[in-house]
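Trainee: If you look up TrEMBL, you'll see 51-56, 159-160, 184-190, 209-213, 278-281 marked as GTP binding site. Under the heading Mg(2+) binding site, TrEMBL lists Ser55, Thr190.
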Amino acid sequence: CIMVLGKTVACCLHSKADEQNARSKNIEKMLLREKTLRRREVGVLLLGAGESGKSTFLKQMKIIHGIMFTDDELQFYKTLIYENILKAMKVLCCLKIQFGFPWEASTSEQNSNSIMRLDLGLVNELSMFPEFKNALVSLWKDASIQKTYTLRRLFHLGDSLEYYMANLGRIAERGYIPSNNDILYARKATKGICDFVIPINNVPFRFVDVGGQRSQRQKWLQCFSDINAILFLVSSSEYDQVLVEDRKTNRLVESRIVFDTIANNNMFRSKAIMLFFNKTDLLLQKLSKRDSNIKINFPEFAGNPYDLNSVQLFMKNYFLSVIRSSTKSIYLYYTTIVDTENTKIVFEVVKQTILQSNLEELMLQ
């Protein structure tokens, strides 16, 4: 009886040991599989000063690769779009008063007051957005608001208002669902770190977006590991605008300072940098109107201040002049990230460059 009991205990111990070994082997397989997947994964870090188009680029990656926005995301963007429009109009109404421009229409002051009284932090007020359609249309047509809008380089106003006002009839409808284009123009500052993985041609691309405002840049160091390439975005149309943070530093100057610290960082010595001069559409629009001369902010500019090619060439040389290594790989692109077709074409080239660079790096390991 004692011997039988001993055999039973030994059998149980042997069974538990087998279970633990099997569990350990499964964990090892899982870790190995995860490590293999991580080795195949291509990490792309998006950097640049605030409002350069990083978050818009990520939205385009979803759209281009057929990833649908969820119902919750559509609701979020709907509320955000309402907020973007109302906030921008409040800014214009407030600055119109500061500039001392008289109202053109007799109803404009009343319409302005109704918009100014809104608390954009309250979702229930944003849900009343369709009721403000007529007030918004009337204000947008008023000459004093248009005159203030032409001076927007002197203050902070998002790039989306003109697009949204052109589509206000649709946006203010009951039951409105944002289109992909509407979502691309929606603006909310990135706080912290956002990343997601998209399988592209059976290769997992992990895109990491970090807030570009000064207060967010200390978080960039957390994202430097497992990165294969950097997409550095510059808002090329903002050569005559200043930072929101200090109201005095030129945005292009700030962007170049940030680029200098990234491009010459030893941590990125072997990483390719894709330099995107973004917002070409807005740059061309600004140059065509001839209401802003780049020579005022950059006296060293020697070309035609209203010629797109001359201005782009200056910006290219201005940024590349900070590179201290002759072997550093920098790839330049002139982009309009809100344009899906333009982004699709550019990313196809970028993708091949990143994959080739990643392959060469793996071969050297």
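Any Cβ shown, glycine's included, is placed from N, Cα and C.
TrEMBL entries are annotated by machine, without manual review.
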Trainee: Relative to the Cβ of Asp159 (GTP binding site), which residues of the same chain, six or more apart in sequence, are found under 8 Å away?
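Mentor: Correct list: Glu51, Tyr185, Arg187, Lys279, Leu282.
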Trainee: Excluding near sequence neighbours, so keeping only residues 6 or more apart in the same chain, what lies with its CB under 8 A of Asp209 (GTP binding site)?
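Mentor: Sequence-distant Cβ neighbours: Leu46, Lys54, Ser55, Leu58, Thr190, Ile193, Cys194, Asp195.
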Trainee: According to DSSP, which of helix, strand or coil covers Thr190 (Mg(2+) binding site)?
Mentor: coil
Trainee: Per residue, counting other C-beta atoms within 10 angstroms of the C-beta, which of the binding-site residues Ser55, Thr190 reaches the highest number?
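Mentor: Counting every other Cβ within 10 Å of each candidate, the maximum falls on Ser55.
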Trainee: Counting across all protein chains shown, how many other Cβ atoms sit within 10 Å of the Cβ of Tyr185 (GTP binding site)?
Mentor: 22
Trainee: State the count of C-beta atoms found within 10 angstroms of the C-beta of Glu51 (GTP binding site), not counting that atom itself.
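Mentor: I get 24 for this one.
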Trainee: Which of the three DSSP-derived classes (helix, strand, coil) applies to Asp209 (GTP binding site)?
Mentor: strand
Trainee: Quick one: give me the count of other CB atoms within 10 A of the CB of Lys54 (GTP binding site).
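Mentor: Its Cβ has 27 other Cβ atoms within 10 Å.
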